[in-house]
Amino acid sequence: MLLSTLQTPRTLSRLSLTRHSHSYTSRASLTDQTPTLTTSPPPHSEILSTRQILLSRRASAADLALSRLARLRLVEPRLRAFLHLPDDDALHAQARRLDARIAAGDDPGPLAGVLVGVKDNICTKDMPSTGGSRVLAGYRPPFDATAVKRVRELGGIVVGKTNMDEFGMGSTTEASAFQVTANPWDESRVPGGSSGGSAAAVSARQCVVSLGSDTGGSVRQPASFCGVVGLKPTYGRVSRFGLMAYASSLDTIGCFGSSVADTGILLHAIAGHDRFDATSSKQDVPDFQSHFASVSSLESKPLKGLRVGLISETIDKGVDAGVISAIRAAALRFEELGCSVNEVSLPSFSLGLPAYYILAVSESSSNLSRYDGIRYGSQVYADELDSLYGGSRAEGFGSEVKMRILMGTYALSAGYYDAYYKRAQQVRTIIRNSFKEALGQNDILISPAAPSAAYKIGEKKNDPLAMYAGDIMTVNVNLAGLPALVLPCGFVEDGPAGLPVGLQMIGAAFNEGELLRVGHIFEQTLENFRFVPPIVADDDIAF
């Protein structure tokens, strides 16, 4: 049954506060949410634009980098998205090396001059990497993570380390040991987590793209809250070498961008096999950029024949009405583009959240045992070794990390392993099989990225169960090891300028190219929506 027979079509009204052609429109009517199909030019790619500026010698990499760093620092006191920034001389040195390559006639790389934010649990040899935890305060790795190394080799400039929930354990960035990041759409609200700093930095145009990590939705939920594009690749597509382990069987390095094109270009730069990571795949990495085409160059139904399944459990009780309205409008838009859209039931969907938390905390209790005050991080004085271990961990870890270590240790303890960990692994297999069956009947699956838009800072800090429940839309994808793309699809009426809602698209393993192709076409047909927050002034939208 087509979705249009289940839901009365709605049309999208113009947003209530419009600037001139390149600016954001701030608020959408919830009674009028479906835009008409247009053939507008493709969304602006900051990566491609920056490369063209450098190759045409209209500006030097050094000048671009310093001007953009000034923009970053102007906004930073309000957002607090970064934990560590390089000094001007270090950044200037990176940019001068790039200028020298261009002057010598060498190819500067696809990320030439692009400022890249890096989540603080991804190792960088020239800046501290603390994982958002005091236990690693001041720690400087002697190496770059493979993803960071590849960014640098292809011309990217690492502009700083972004704030995060401690060791990735949280959904709001409030669990950072150092500061709380604000949402660029409403500074009284959370940016999501645990990669909230990376998402907020891209949303506020503090950097062009950024790297995050996704264990149970930590790229996709912040992308939804901050109105940017977030991509969680297939498990194994991107090397985890240099990523601080939270739950090793679930962790994935992901990408943020202000457009699908930029996100796909960044993924292509960091993807591929790595001999330092035994779980990295040897699958060929396609040229994702070849999947991007302007809607104006395609037929009127550019997605004709695509089978889209809307997961019915994700638009049910517990999901805000405004989010459901935006997702149903997005489903109707897929029909306009030529897709057949049907509701799909995944009966095992609700089992994912408890299974995920048992597996994640169990793995974290093992992974975080290395932070003992001897090999890494801060150390307290003690007369006995056990006291040194206990004191260093008690002083270095925050409350959320301690709670998850305790839960994980309990789940793995003698007498409880079969009841908790083993059963959660069995549920994981059921979930993986249910996705395999659903994706055998559909090309992609869609759902909200979160059950609500961004909520107030402090609203759920003292209610961990309510916070954990916010991961219901995303954790199943990690359990199944599948790729998922989140892009903004509408607004709910809240905050000073409306709050963005993210659409999650889930694909078969290693099928990121199809997700990017579909997402790019979908993105270009969003009439009247520009996802640029009020904190970004008109003159700052284009770098």
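Including glycine, each Cβ sits where the backbone N, Cα and C put it.
Now, the feature entries from TrEMBL:
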type     : residues : note
ACT_SITE : K119     : active site, charge relay system
ACT_SITE : S194     : active site, charge relay system
ACT_SITE : S218     : active site, acyl-ester intermediate
COMPBIAS : 24-33    : compositional bias 'Polar residues'
DOMAIN   : 68-516   : domain 'Amidase'
REGION   : 17-45    : region 'Disordered'
- Including all protein chains shown, what's the count of other C-beta atoms within 10 A of the C-beta of K119 (active site, charge relay system)? 33
- Query: Using Cα coordinates, what distance in whole Å links the residue listed as 'active site, acyl-ester intermediate' and S194 (active site, charge relay system)?
  - Reply: 5
- Take the domain 'Amidase' (68-516) and average the pLDDT across it for me. 95
- Message: I'm trying to understand the geometry here, so how far is the Cα atom of S194 (active site, charge relay system) from the Cα atom of K119 (active site, charge relay system), in Å to the nearest whole number?
- Response: 9
- Query: 10 Å Cβ neighbour count around S218 (active site, acyl-ester intermediate)?
  - Reply: 36
- Message: For a quick check of packing: other C-beta atoms within 10 Å of the C-beta of S194 (active site, charge relay system), how many?
- Response: 34
